[in-house]
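The block underneath contains the structure these notes are about, expressed in structure tokens.
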Amino acid sequence: MKNSKLFFRFLFLFFFFCLESSRGQDNGKTQVNIGVVSDVGTSYPDVAMLCINMSLADFYSSRPQFQTRLVVNVGDSKNDVVGAATAAIDLIKNKQVKAILGPWTSMQAHFLIEIGQKSRVPVVSYSATSPSLTSLRSPYFFRATYEDSSQVHAIKAIIKLFGWREVVPVYIDNTFGEGIMPRLTDSLQDINVRIPYRSVIPLNATDQDISVELLKMMNMPTRVFIVHMSSSLASTVFIKAKELGLMKPGYVWILTNGVMDGLRSINETGIEAMEGVLGIKTYIPKSKDLETFRSRWKRRFPQMELNVYGLWAYDATTALAMAIEDAGINNMTFSNVDTGKNVSELDGLGLSQFGPKLLQTVSTVQFKGLAGDFHFVSGQLQPSVFEIVNMIGTGERSIGFWTEGNGLVKKLDQEPRSIGTLSTWPDHLKHIIWPGEAVSVPKGWEIPTNGKKLRIGVPKRIGFTDLVKVTRDPITNSTVVKGFCIDFFEAVIQAMPYDVSYEFFPFEKPNGEPAGNHNDLVHQVYLGQFDAVVGDTTILANRSSFVDFTLPFMKSGVGLIVPLKDEVKRDKFSFLKPLSIELWLTTLVFFFLVGISVWTLEHRVNSDFRGPANYQASTIFWFAFSTMVFAPRERVLSFGARSLVVTWYFVLLVLTQSYTASLASLLTSQQLNPTITSMSSLLHRGETVGYQRTSFILGKLNETGFPQSSLVPFDTAEECDELLKKGPKNGGVAAAFLGTPYVRLFLGQYCNTYKMVEEPFNVDGFGFVFPIGSPLVADVSRAILKVAESPKAVELEHAWFKKKEQSCPDPVTNPDSNPTVTAIQLGVGSFWFLFLVVFVVCVLALGKFTFCFLWKTKGKDLWKEFLKRDTDSYINDIEKCLCSQEMPENSNKATNQTNYGMELRVRNIVQVNQTDPDCL
């Protein structure tokens, strides 16, 4: 029954060929034989053959003036590589065809290319898409279709847009399937996407074979698959994938145009199984000619679906007809081969004399065809646009395009200016329905539900448990792991683009003691005992040779911790230190200056400053120095002296307060300095030093030159403190080496006793450990960056470090972990303005006094007048009034003399005014 259907179908095509060809034949035109090698009786090749004849009919009906007419000769390849080669040899040898259209598959094309090259007959294929055909480098082969590798950039753009880090190619085991892999692998490597596995489906795979392969894929963590195979095989694969649960939410399937362009040949069940997948589809631009052709096709062949291969066959035929017309009709013969010799059938085909000329014209033909612009570049068409579709229900929906210049865009007319600002996938593509009718973007990688959890090893620490602490719940007997490193890791897992199941396992012996140091723990990952290590593990070069580290999640190094000693010296002359020598001398000078100035202004009018010479000298010194501590007994009566004394009182107030504050600071403050300043001084002295047990620091110290006898290990902060307090003379150490994260914890506990003076060794920090090649490394590193840039990192740091640093600053960010208040010695520069004010007031007061004195003593002995009492001064009258009020026993006498005193005072004032008004 099946054979009879094929027979009648072939018979129909034969009569249609004859009908269409006869319409294009005119008497007097040169008939040129061309061959078509195709799988006669199959749907897609039959569509292409019909399009070939429609192309010839349309071409010659619109160009009746052309002198050539192509005559199509069909060779049935019988869906076989050898059959295709046999058909081609028969067409060349018996029909002497000048060119061959076809064959259908890439495997068949390999042989035909060799035959065409041997006989100089151009082979124009409209369906062989394998990139491997290009490697044959035959000038007589033309690909009137798109090479499969041309779409890898669109696939790469999609994977990069969604941030998937691993993909698994699923392809057919033949030339067509394998051809795309080299370019696809290179493109994915450009964006750091791994291919952990390649799923190769045999050409004649059974349902059982496909199920076994799909189960392998299901048990892998990767959830992104790229399918490149024939549409018929893809239908079977997706039906099985849906049955096995690989079309649920979380999976991503991307189909190449090899599947999408042949989608119409798949039955409805197969299409429904593909719901949610993404596809790369050949973009056919809309045109009036294309719409007209589609209408004609539906009228003539309503039962047959037009596809892109038919359009390419139509354009390839048009191009060949144009090229043959341009090549002319001269020398269309084949050169004969000497058949007398023992030659093979392939060698006996002869050489086409028309081939070289036709080769040139085919290479230069250019026109706008039904499938778009037609022009050969290096023997093949060059695509610039691919359409991105999303399978929904029993159909497909366009969600965007990929263009060579702009990448992924929603619309082709999108302006390039706006493309540069796009940042998220909804800006590039339309809404997508993923497998399982999911609307959220799949993460692309997850631990299989039937797979095991990650076994994560954690170090068992004795001291510094703020970073990692392992305890056992006495009620449930379960292990409890806490600490800064653990909390940071859990925050990183929350920031991952997919779910990761894990379980912590302490690296300890059955008795609870540590099972080894960090090197031993890291080595367990290399041996496969642990899937990862989380803790205070330092990134080192020797460790990275057998494991992979993530980016550091915490800065680290090696700090040198030394004791502090107070270097402030307190002696019997400490009271002089608050003020500089210059300030002491300046103050002393001003004491004498103020005392002498006040005596000068007061001794002629104030009895307190008169008397014998020795009495007046002692009064000067007494008055000058007594102003510093208490009010002097001597009264100050003149305006100039009072102004000077008030100013000097203010200066003394400021000076004494500053002196008191500086002296108090000097007597109570500490100037703490380290006992040792560098590692080189330790080596030079041969001092004993301490180091953290189970850390890499021991190896660093041995490399530096410290003898083993001078190295003392410790586990806890308390042990380190005890060793440093003892000192090297009492069985302790002179200094200790700790990692900088532990330095923060140690100095937070002993901030006023020790100091970090140097970081002699630089390392890359703390990182999480994974096996070499683990796909988790890149994603965990990106998640570390996300957490480090978020408020969560500050929150974790405050939770585990600030509680010990509340009374002490951060010893890492602040180089001086024990800042002290050092007394500052005061100098003249701090008070020069005050001294200047006193000096100016003094000069003004003395200047006025001198002027008045000289004015009143004109022509007299100045020195005698200077020593005499000024009886004419108004101060004398004021002094008498004050004295009379202060003597109660003379109250009657004072009362009787009131009128006389008032009269005398007024008379003196009037006399002074008449003498010099300014002297009041």
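Just so you know, glycine gets a Cβ as well, placed from its N, Cα and C.
Of all Cβ atoms in the shown protein chains, 23 besides its own fall within 10 Å of the Cβ of Asn53 (N-linked glycosylation site). Annotated N-linked glycosylation site per Swiss-Prot: Asn53 (among others), in sequence order.
Under the heading N-linked glycosylation site, Swiss-Prot lists Asn204 (among others), citing sequence analysis as support. The Cβ neighbour count for Asn204 (N-linked glycosylation site), using a 10 Å radius and every protein chain shown, is 8. For the recorded site, Asn204 (N-linked glycosylation site), the DSSP three-state label reads coil.
Under the three-state DSSP scheme, Asn267 (N-linked glycosylation site) falls in the coil class. What Swiss-Prot lists as N-linked glycosylation site is Asn267 (among others), and the listing cites sequence analysis.
Reduced to three states, the DSSP call for Asn331 (N-linked glycosylation site) is coil. For Asn331 (among others), the entry in Swiss-Prot reads N-linked glycosylation site, with the evidence type sequence analysis.
The N-linked glycosylation site feature in Swiss-Prot is assigned to Asn342 (among others); the stated evidence is sequence analysis.
Residues or ranges marked as N-linked glycosylation site in Swiss-Prot: Asn477 (among others). The C-beta environment of Asn477 (N-linked glycosylation site), restricted to residues of the same chain at least 6 apart in sequence and closer than 8 Å, is empty.
Other C-beta atoms found within 10 angstroms of the C-beta of Asn542 (N-linked glycosylation site) number 10, with every protein chain shown included. Secondary structure from DSSP puts Asn542 (N-linked glycosylation site) in coil. Taken from Swiss-Prot, the feature N-linked glycosylation site covers Asn542 (among others).
Positions annotated as N-linked glycosylation site by Swiss-Prot: Asn702 (among others). Annotation note: Asn702 (N-linked glycosylation site) sits in a helical segment as assigned by DSSP. Counting only same-chain residues six or more apart in sequence, the Cβ atoms lying under 8 angstroms from the Cβ of Asn702 (N-linked glycosylation site) belong to Gln708.
Under the heading signal peptide, Swiss-Prot lists 1-24.
The average pLDDT computed over the topological domain 'Extracellular' (25-580) stands at 89. Annotation source Swiss-Prot lists topological domain 'Extracellular' at 25-580 (among others).
Under the heading topological domain 'Cytoplasmic', Swiss-Prot lists 602-610 (among others).
According to Swiss-Prot, the feature topological domain 'Cytoplasmic' maps to 632-635 (among others), an assignment based on sequence analysis.
Under the heading topological domain 'Extracellular', Swiss-Prot lists 657-830 (among others), citing sequence analysis as support.
Taken from Swiss-Prot, the feature topological domain 'Cytoplasmic' covers 852-920 (among others), and the record attributes it to sequence analysis.
Annotation comment: Swiss-Prot describes 581-601 (among others) as transmembrane segment, evidence class sequence analysis.
Under the heading transmembrane segment, Swiss-Prot lists 611-631 (among others), citing sequence analysis as support.
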Rounded distance in angstrom between the Cα atoms of Asn542 (N-linked glycosylation site) and Asn267 (N-linked glycosylation site): 58
Asn267 (N-linked glycosylation site) and Asn204 (N-linked glycosylation site), Cα-Cα, nearest whole angstrom: 19
Same-chain residues at least 6 apart in sequence whose Cβ lies under 8 Å from Asn267 (N-linked glycosylation site): Ser235
Within-chain partners of the transmembrane segment (831-851) [C-beta distance under 8 Å, separation at least 6 from its ends]: 583, 586, 590, 593-594, 597, 600-601, 638, 640-641, 643-644, 647-648, 650-651, 654-655, 658, 918
Local Cβ density at Asn331 (N-linked glycosylation site) - other Cβ atoms counted within 10 Å: 11
Assigned element (helix, strand, coil) containing Asn477 (N-linked glycosylation site), judged by DSSP: coil
Asn53 (N-linked glycosylation site) and Asn331 (N-linked glycosylation site), Cα-Cα, nearest whole angstrom: 26
